[in-house]
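Asks: Please find one structure pasted underneath; my questions will follow.
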């Protein structure tokens, strides 16, 4: 009997045995029952293993023994059986994991030890990787000073210069900036390495270099080897996993789907081969493994599974099970939290088989306990299974720091220390620096090499302190025993023969091409389902347009009696082709939005580009049938096209091919452009060329010989020819109207009048061309994604000082003042000694002398504050009866001048809510209770003038410098009587205080893209508020997302601010000991919006600890433990339930509460001789000054925005030259109607395309600035009108230049009549048309929540404006029920003005004897006498859209708080 039969027999024995056992069981003695049943089970288990072992090895590794049945999947009541692990369902996988790793914290280590034990028993070595790097150097090319600022002028000169460099005719003015300098070291397997270093020290560059992922924008030298093998000998991307600090994921996929897809692409590595060998050796040694471990290893080693048990395991150890089936989300789609997203980024690489991990800042947004759990799980994996890991962390808590074996400390691109964690303090003590008792070692290491922080750690009081440079540390480390040991080890090359054959990956991809294609197909289907709204909206949009088209070109109004009426049918066909083409436009955005994730996965070698591009094409075909069907089926017979059913289906078939071609074209453009602004411009450009040379706007005979090649390669030409031939060669047109010598049918006459080939075969030529273009564009799309790199976001420019300092640090020279941070002028943060304080300020003058500008210290007290919102519909649906949800429940407290208060609590406690209520930033909800400012009731108008609010998201205009941001804030927020010089002195003082002097001319940039780092951005946020000279400052999480040193810099800024006598309140999340103890008082809240402690912290948090330890049952704090962490742990809801207490009640019965109440009462009474805050006007500055300031900032922003302005000028100039050459000399002579149509075609195409380009490209610019506007308006800087004024007015000069450049080039080349009046009329209409298009785009942003919706809303009107412009169908031929819209369509008025100003007064007769003027009046309905009115209406449209933008900005606030 074969082995499979044996397994069947075992299963039947199990069934029969159980029945027999049941019948006799009642007669047995109790103890015998248990002994028999367990004996029987053992026998059956043995039989199963025996049967399993008889299987061939290949089959044996695919099958495992698992519990069967049971409702919970745990196998209860179902017995065990042999299962094919390839088909394990979610329930079986979950049950298996539940048995192996029930609680990740407790069971993971035991589980890994079982895995290791199984492998060790048969003597299999696990592959390990030792990474060595020797003399690693990296340099970046940067522009120094102002030449690096991205102004329109710089962008043009820099582009020309780079072209000159490439040709070798111009010298390279860029300078090199060192990033890494001569770093060498060894990363050992089975050891956890922590990478530390201040911001900009080169941590990311080092990790990228070690992972073999260094970009081509850096000049690198040196050697990195894995087990002695150079990078070229294996595939580093698959051997090592680099986990980026940027979280790039597809928002529409769930966490589980994201990880499962990643696991599918990365494959299982050598797991299957190892398992086969393991199984063979176990069989030979007659070893029976643990059934669950066997099942897990087999399931994890199977490639090609849609869901792998390893994915479920990673979800568990990363704590992502709770959100496994939640969408990841993005800025448009609500999803998981930032911390969870960070863990998904980590999990995405952990599910793969890589044995070396390089992890960049994986703890951002995570609380310390989650970080500890993740790092601990990684540590267990590395130690037990022999992995290699280098992890950089921002603010590791002491308990997380202690999990690491080795430390690498980087500073200024050099390794200051590398080696065992235990020896690091010894090294620094040998240099004279000591870590204080209450200081985290990681925090100490990040600060000890910094000029500003070093002095406080100097421990040799017998010697005077002298700044020790990084170079001195580096050379001292080389003679330190750890440094010598590393140098000695590096001197002996790694023995390549000792490298495990499975350690290094040599195949390019982790799975076969067929499997990767299948994975991408499955993902694309999933995304199409999730994005179904886009396709439904697209279809709906097409339906709406088809309804307009069929009622506009209505069959009762459509005659077949002349060539002119045939032209109207041609217009209807042209419009149909254009709409089907435009329908594919949304592919552009869908492609570009997915590219960042694609590039990440491509570069990690998840899959080749072809496996991504094929599904994105093939799977869209079924949708095309629906979309095109909707248009053709609705319009064909209603418009009255040829009644032959064959012609109908041929039109449908051709439209399908056109839609496929258009979708492929836009996918290719998106893939080649890789950026939404460039893609939009490029797509508009391609559409324009294809359209103008497509044979409808300009007849073939009129195309100049130098452009005829463009006619032959235009897909629109083939589409237009094919669809025209299909209609006009049909039965309905097969009649002779005006008998001519040739007796041509009417259809042929119409085709010839428009220059179309009157041959039936052109239908199939056109159809074949559409298929050919579709294949070509998809091939080009694949090539673009295979070879193009994403745009770099590296810094292109640095200041002269920064470069000088970088170079000086390399040489060990000292630049600038070092003794910035020695003594202390405030209460020390640590144990009271001077050396212990991190957040200090040596400059006694700054804190003691007061600022240049005086301010009035103010206190803020609040009593019984309640805040509620309308009950969310989801909660009402769950049966909650209340109408309101209360978020703050009677909170009372006070904040005083010169006192730094921390506002803390777990997530959901209401910290930010309370701060928003007190600061008056809430845009909805219901507020009750009293809030007083120095005893007077708070009035929001005056309060905004004396308060500052530093938001958690650092929102600033990206195109201005640090100094300009501060100047703008001070200009609008300081009183009018402060003169310009005093204002500038005050800004200088604030920059000194906030340590921004070195960044004075740095561009702010966009977060995560370019410009300032997170920590610099935080300091700018604080400075922007400080220059307003406020008395009260609110700060929302000023240290989140920062490393320890950056957080210390920010906190030093905050402390300096308090020392000037201001009232400062900060919400803070998971602070380190020294940051926490920098605060004077704490206001602690619990979930649900109630306070549980409000009072002083005391020396070493003694007051806080005393208060909570006095509550019965609360556990005592351990020595050296962070009081902030302890406090949050002992006050959780779980603790309340365990102790049976309510911390809020305890607080309200305490003596502390009574003291606080008395203080609130005291602060609620105005001081004698004081007066309430009063300002004569709502804003500091007059409306005129506000307008000037807003215009000043917009001017800077626009000048420094080349992607917007330089691209628009370039695009306009190129189009002007193209139009000039295409329509060369066609405007001068009008001898027949086609000449007029050609000239009008040039006007129509330019107006529509340049106008639409202006409209789409302004939207992202306005959307970014609007976010800044919300913050600045809330801060009381200006009203809505000055902002709208600045945004509108700054467009005028740029549009004027754009229209003038276009007008001069085109007017001269097309050869319109050279009279001053006609030229200036032409210019006038172009200027105001481009303005109203631009203002229309701005208005769409103003009326919608974000720019994605704005682009959808605005694009809905493009098609309608196109249709009613008067070119496709002239106004007199429009049915009466639609004629009103001809007067409401701005483009129709523009064409009216342009045509009538050029041709409306020409009396010269055409070939048929009709004067041009009469033809214009009869055919188009354009009268020259109306010219003045037309001009007024066109200008009025610009004014109307600008006014609506201003109105929308004033009335709508889409920011929900």
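Any Cβ shown, glycine's included, is placed from N, Cα and C.
According to Swiss-Prot:
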- 14-43: region 'Disordered' (REGION)
- 28-39: compositional bias 'Basic and acidic residues' (COMPBIAS)
- 164-437: domain 'ABC transporter 1' (DOMAIN)
- 197, 198, 199, 200, 201, 202, 203, 204: ATP 1 binding site (BINDING)
- 515-728: domain 'ABC transmembrane type-2 1' (DOMAIN)
- 533-553: transmembrane segment (TRANSMEM)
- 565-585: transmembrane segment (TRANSMEM)
- 621-641: transmembrane segment (TRANSMEM)
- 653-673: transmembrane segment (TRANSMEM)
- 677-697: transmembrane segment (TRANSMEM)
- 706-726: transmembrane segment (TRANSMEM)
- 765-785: transmembrane segment (TRANSMEM)
- 821-841: region 'Disordered' (REGION)
- 860-1112: domain 'ABC transporter 2' (DOMAIN)
- 905, 906, 907, 908, 909, 910, 911, 912: ATP 2 binding site (BINDING)
- 1185-1399: domain 'ABC transmembrane type-2 2' (DOMAIN)
- 1209-1229: transmembrane segment (TRANSMEM)
- 1244-1264: transmembrane segment (TRANSMEM)
- 1292-1312: transmembrane segment (TRANSMEM)
- 1349-1369: transmembrane segment (TRANSMEM)
- 1380-1400: transmembrane segment (TRANSMEM)
Asks: Six or more residues out from either end of the transmembrane segment (1244-1264), which same-chain residues have a Cβ under 8 Å from its Cβ atoms?
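Replies: Apart from its flanks, the transmembrane segment (1244-1264) reaches 676-677, 680-681, 684, 687-688, 691-692, 697, 957-958, 1006, 1201, 1204, 1207-1208, 1211-1212, 1215, 1219, 1287, 1291, 1295, 1298, 1302, 1306, 1326, 1329-1330, 1333-1334, 1336-1338, 1340-1342, 1346-1347, 1350-1351, 1354-1355, 1358, 1361-1362, 1365, 1367, 1387, 1390-1391, 1394.
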Asks: I'd like to know the mean pLDDT over the domain 'ABC transporter 2' (860-1112).
Replies: 88
Asks: Return the member of 197, 198, 204 nearest to residue 912 (ATP 2 binding site) in space, with distance defined Cα to Cα and candidates limited to these binding-site residues.
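Replies: For residue 912 (ATP 2 binding site), the closest Cα among 197, 198, 204 is found at 198.
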Asks: Does the transmembrane segment (706-726) come near the transmembrane segment (653-673), with 3+ Cβ pairs under 8 Å (pairs 6 or more apart)?
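Replies: Between the transmembrane segment (706-726) and the transmembrane segment (653-673), contact is present.
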Asks: Sequence-remote contacts (6 or more beyond its ends) of the transmembrane segment (677-697), Cβ cut-off under 8 Å?
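Replies: Residues packing against the transmembrane segment (677-697) from afar: 570, 574, 578, 581-582, 585, 588, 592, 665-666, 669-670, 703, 707, 710-711, 714-717, 719-721, 754-756, 1203-1204, 1207-1208, 1211, 1214-1215, 1218-1219, 1222, 1238, 1241-1242, 1244-1245, 1249, 1252-1253, 1256-1257, 1260.
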Asks: Could you give the Cα-Cα distance between residue 910 (ATP 2 binding site) and residue 197 (ATP 1 binding site), in whole Å?
Replies: 34
Asks: May I ask whether the transmembrane segment (653-673) has at least three C-beta pairs under 8 Å with the transmembrane segment (765-785), counting pairs 6 or more apart in sequence?
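Replies: Taking Cβ pairs at least 6 residues apart, the transmembrane segment (653-673) and the transmembrane segment (765-785) are in contact, with 3 or more under 8 Å.
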Asks: About how far apart, in whole Å, are the alpha carbons (Cα) of residue 199 (ATP 1 binding site) and residue 911 (ATP 2 binding site)?
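Replies: Pair distance, Cα basis, whole Å: 29 Å.
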Asks: What is the interatomic distance between the Cα atoms of residue 906 (ATP 2 binding site) and residue 198 (ATP 1 binding site), given in whole Å?
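Replies: Roughly 28 Å, rounded to the nearest whole number.
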Asks: What parts of the chain pack near the transmembrane segment (1349-1369), using Cβ distances under 8 Å and only residues at least 6 beyond its ends?
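Replies: For the transmembrane segment (1349-1369), the nonlocal Cβ contacts are 537, 541, 544-545, 548-549, 552-553, 568, 571-572, 574-575, 578-579, 582, 585, 589, 1240-1241, 1244, 1247-1248, 1252, 1255-1256, 1259, 1263, 1336-1337, 1340-1341, 1343, 1378, 1381-1382, 1385-1388, 1391-1392, 1420.
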Asks: Mind checking which residues of the chain, 6+ beyond the ends of the transmembrane segment (653-673), have their Cβ under 8 Å from one of its Cβ atoms?
Replies: 576-577, 580-585, 587-592, 595, 613, 616-617, 620-621, 624-625, 627-628, 631-632, 679, 682-683, 686, 715, 719, 722-723, 726, 763, 766-767, 770-771, 773-774, 777-778, 780-781, 784-785, 788
Asks: Roughly how many Å separate the Cα of residue 197 (ATP 1 binding site) from that of residue 905 (ATP 2 binding site), to the nearest whole number?
Replies: 30
Asks: Indicate whether residue 203 (ATP 1 binding site) is helix, strand or coil by DSSP.
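Replies: The residue in question, residue 203 (ATP 1 binding site), is helix (DSSP, three-state).
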Asks: Please identify which of 197, 198, 200, 908 has the densest Cβ environment, defined as other Cβ atoms within 10 Å, among these binding-site residues.
Replies: 197
Asks: Are there residues of the same chain, six or more positions away from residue 909 (ATP 2 binding site), whose CB falls under 8 angstroms from its CB, and which are they?
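Replies: Counting only residues 6 or more apart in sequence, the Cβ neighbours of residue 909 (ATP 2 binding site) under 8 Å are 1085, 1086, 1087, 1088, 1089.
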Asks: With residue 911 (ATP 2 binding site) as the reference Cα, tell me which of the binding-site residues 198, 200, 201 is the closest one.
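Replies: Checking each of 198, 200, 201 against residue 911 (ATP 2 binding site), the shortest Cα distance is to 198.
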Asks: When you scan the chain for residues with a C-beta under 8 Å from the transmembrane segment (1209-1229), skipping those not six or more beyond its ends, what do you find?
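Replies: Contacts of the transmembrane segment (1209-1229) (Cβ under 8 Å, skipping residues fewer than 6 from its ends): 152, 681, 684-685, 688-689, 692-693, 698, 702-704, 706-707, 710, 1235, 1238-1239, 1241-1242, 1245-1246, 1249-1250, 1253, 1297-1298, 1301-1302, 1305-1306, 1308-1313, 1398.
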Asks: If I count Cβ-Cβ pairs under 8 A between the domain 'ABC transmembrane type-2 1' (515-728) and each of 164-437, 860-1112, 1185-1399, which range comes out on top?
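Replies: Per the Cβ count, the answer is 1185-1399.
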Asks: Give the sequence-ordered set of same-chain residues, not counting 905, 906, 907, 908, 909, 910, 911, 912, with Cβ within 8 Å of the centre of the Cβ atoms defining the ATP 2 site.
Replies: 913, 1085, 1087
Asks: With a Cβ cut-off under 8 Å, give me the same-chain residues at least six positions beyond the ends of the transmembrane segment (1292-1312) that come close to it.
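Replies: That would be 1198, 1205, 1208-1209, 1212-1213, 1215-1217, 1219-1221, 1223-1228, 1239, 1242, 1246, 1250, 1254, 1318-1319, 1322-1323, 1326-1327, 1330-1331, 1334, 1398.
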Asks: Tell me the Cβ neighbour count for residue 201 (ATP 1 binding site), meaning other Cβ atoms within 10 Å of its Cβ, over all protein chains shown.
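Replies: Other Cβ atoms within 10 Å of residue 201 (ATP 1 binding site): 27.
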